[in-house]
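Take a look at the structure below.
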Amino acid sequence: MINSLGKHQKLKDSRNVLLIAVCVTLVSQIQLYFLVPDFRVSMGIIVFPIALYYFENISTIKTALLTALFVYIWRIILHYITNGSMESVFLAYFPEIFFYLFYGVFFSVLNRKNKDFHLNKLFTNLVISDYLANAIEIILRTPSGIMNFRINISLIVVALIRTLIICVILKIFKLYNVLLLKKEHEEKYRKLLILSSQLKSEVFWMEKNMHHIERTMTEAYKLFENIRANINNDLWEKSALAIAKDIHEIKKEYVLVVRGVRELTYDKFKDEGMDLKDMLYILEKSIKDDSKNREVNVKFNINYQNNFYTTKHYYLMSIFRNLLNNSIDAFNNVDVDNIIYFKQEILNDFYVFIIGDNGSGIEDSDLEFIFSPGYSTKINYTTGEVNRGIGLSLVKEIVEDILGGEIKVKSKKNKGTEFSIYLNREELEDRYEDIHS
């Protein structure tokens, strides 16, 4: 079961590569013979970078190689169907393989630092890739390998036109995605407003119960004083009955509050999830605001390998937020660059989340107790107030009991602390089929 997700992802990637190769092959039939014999300018290559933008995690070079083979074989088949002959066909179409292959290689090298497909950088990369790949094909097709001024200018114009078409299509895609995202955010904001108003009504009942609890505590203490002093014996029974009645009423109202909050959090939002990128954006802003309020200089470094989607985002946010809070608390020096880092890696079928800092660290003797409920080293020496110490115990409970993962910690005094969390990808990507199919 653990290996099924990795195999499933490889199968999907292979299917996507095959789909791109087929699409490019079909669109490549829109073509124009140009400059030298058997050299044609096709529209198929326009599909290639657009498909790579849509399918993020596939290999550019593997896709280019398979596409080149598909186009080559398809050209031969069509030639045979049209002319009924295979004479010289293999050699005539063979250089086209190098166009698609080198286009993929150049694009992969030039665009490796532009994973988000920023159009300004992408435009230059595509023009260079298109021009160089076409130049290589023409050199292979001409006996003397001549590249004169006219040919060079023509190839540059072709590269500019095809790249312009690609960038226009990608711009339309990006604008469409922005509109969808805006609509989604507006819908979420509307739901949050509804949630806020409903939570306020629940808070009202909780505040009412607080007064009720205080009154009941007063009555209970009076009864205790009467029993200890052995006075007003005739009122003991009446007082005990009144206290029991009040506690029963408090319990009933809290049952309603718990039910209401549960309905809000589970029913109305149970089908909505979040990308890791969005979670990290929220956390980064929260870290900046928190460190600013505490007047601590904090540099937050983020590095993630896969931007997955999950409906377990509330659990992940709780884990990350508690660990990041601990990191901020570990900084004592406000005059130096305090660093918090977040890394996400893929290890076989597990996501590994690493959160660490260069703060004050934890004593070796304390490491075995840090996940114990109530344990805390956060003491305000001015007021004597001690933190509740439930953050790390909550993190451990969510990681191990709810998400079925594992959490590890290593720390060195005055050097820093690092938490590593191992979670099964299948457990987090519970809507994997819906999102990536």
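One is the number of the first residue shown, and numbering goes on along the chain from there.
Keep in mind that glycine also has a Cβ here, set from the backbone N, Cα and C atoms.
Mean pLDDT across the domain 'Histidine kinase' (261-427) comes to 81 in this model. Per TrEMBL, the feature domain 'Histidine kinase' maps to 261-427.
Residues or ranges marked as transmembrane segment by TrEMBL: 16-33 (among others).
What TrEMBL records for 39-56 (among others) is transmembrane segment. Distant neighbours of the transmembrane segment (39-56): 13, 16, 19-20, 23-33, 63-64, 67, 71, 96, 99-100, 103-104, 107, 115, 117, 122, 126, 130, 134, 137-138, 141, 158, 162, 165-166, 169-170, 173; these residues of the same chain sit at least 6 beyond its ends, with a Cβ under 8 Å from one of its Cβ atoms.
Annotation comment: TrEMBL describes 63-82 (among others) as transmembrane segment.
Nonlocal intrachain contacts for the transmembrane segment (88-110), taken as residues 6+ away from its ends with a CB within less than 8 angstroms of a stretch CB, comprise 24, 38, 40, 45, 48-49, 52, 60-61, 63-65, 67-69, 71-72, 75-76, 79-80, 124-126, 128-130, 132-134, 136-137, 140-141. As annotated by TrEMBL, transmembrane segment applies to 88-110 (among others).
Residues or ranges marked as transmembrane segment by TrEMBL: 152-173 (among others).
Under 8 Å from some Cβ of the transmembrane segment (63-82) lie the Cβ atoms of residues 17-18, 20-22, 24-25, 28-29, 44, 48, 51-52, 89-90, 93-94, 96-101, 103-105, 107-108, all in the same chain and six or more residues away from its ends.
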